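Listed features, source Swiss-Prot:
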type	residues	note
COMPBIAS	1-16	compositional bias 'Low complexity'
REGION	1-65	region 'Disordered'
REGION	2-170	region 'Mediates interaction with USP17L2'
COMPBIAS	23-37	compositional bias 'Acidic residues'
COMPBIAS	45-54	compositional bias 'Acidic residues'
COMPBIAS	56-65	compositional bias 'Basic and acidic residues'
CROSSLNK	LYS69	SUMO2 cross-link
CROSSLNK	LYS178	SUMO2 cross-link
CROSSLNK	LYS201	SUMO2 cross-link
REGION	226-252	region 'Disordered'
Amino acid sequence: MSAAGLLAPAPAQAGAPPAPEYYPEEDEELESAEEDERSCRGRESDEDTEDASETDLAKHDEEDYVEMKEQMYQDKLASLKRQLQQLQEGTLQEYQKRMKKLDQQYKERIRNAELFLQLETEQVERNYIKEKKAAVKEFEDKKVELKENLIAELEEKKKMIENEKLTMELTGDSMEVKPIMTRKLRRRPNDPVPIPDKRRKPAPAQLNYLLTDEQIMEDLRTLNKLKSPKRPASPSSPEHLPATPAESPAQRFEARIEDGKLYYDKRWYHKSQAIYLESKDNQKLSCVISSVGANEIWVRKTSDSTKMRIYLGQLQRGLFVIRRRSAA
């Protein structure tokens, strides 16, 4: 059979259905579609395989992480237990380091406390010695001052007694009570009983002075001048006494004492103030006001520490003059 006979179509039989026509282009399209479908299935299979591999890898990594974390926890727990055991035994390095630091701080505080105690003890001893010396000095000063005050009081009393004696000698005749010469008559029966005369009072046993010594002496000298010349002068009379500045008229000064201070010549003076004391005989003394009384002041000489009493009357009449001076 030739090729033309093979390729030529067979003649159609009578009464049979007509055969379908064959197109080569359609076969190629079918084959291409099948290949595409197979390639798609292959790709899907590969993707599924990759997804499964990734899931397995993730599960494996998670297990490794959990295992690693557990291992770290166990290691850390073991380390803490080991440190706790060393701490209980006292061999932990950190514990020994901190204990050494605490011990140094303890020793430092003990040393500082001992030094502070020593310093305070020395300070207390110094204060004790200082206070003791001050107390002894104050006692000695008070003792000397008391002795001086007593001596001054005794001297004043002695002077007052001498003045009383001098006054009694000068006015002895006037002090004597002379009896009155009266003529006694017989009392008649109807006359009343005579009443004794009580107008004359007896002389006091002690003289109370309201004036200063200088004022008394000045009054006595005045009385002596007014006496009769028939009476002989006694050696203790004012004519035989040395003249004093009070005989001449003196300038009046304003002097008074208020609230424990002396107001003199428009100036105020207080206790422990340094002054100059000038007398009528032009004697100038450096003094310190020792005390201020009600009607007089006490001054202490800086040269020999003796004390003098100055009355307000003496300052007012100018028998003594007070001047200020520097405390240095």
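Here the Cβ of each residue, glycine as well, is placed from N, Cα and C on the backbone.
Sequence-distant neighbours of LYS69 (SUMO2 cross-link) (same chain, 6+ residues apart, CB-CB distance under 8 A): none. Mean model confidence of the region 'Mediates interaction with USP17L2' (2-170) amounts to 80 (pLDDT, 0 to 100 scale). DSSP states for the compositional bias 'Basic and acidic residues' (56-65), grouped as helix (H, G, I), strand (E, B) and coil, give 10 helix, 0 strand, 0 coil.
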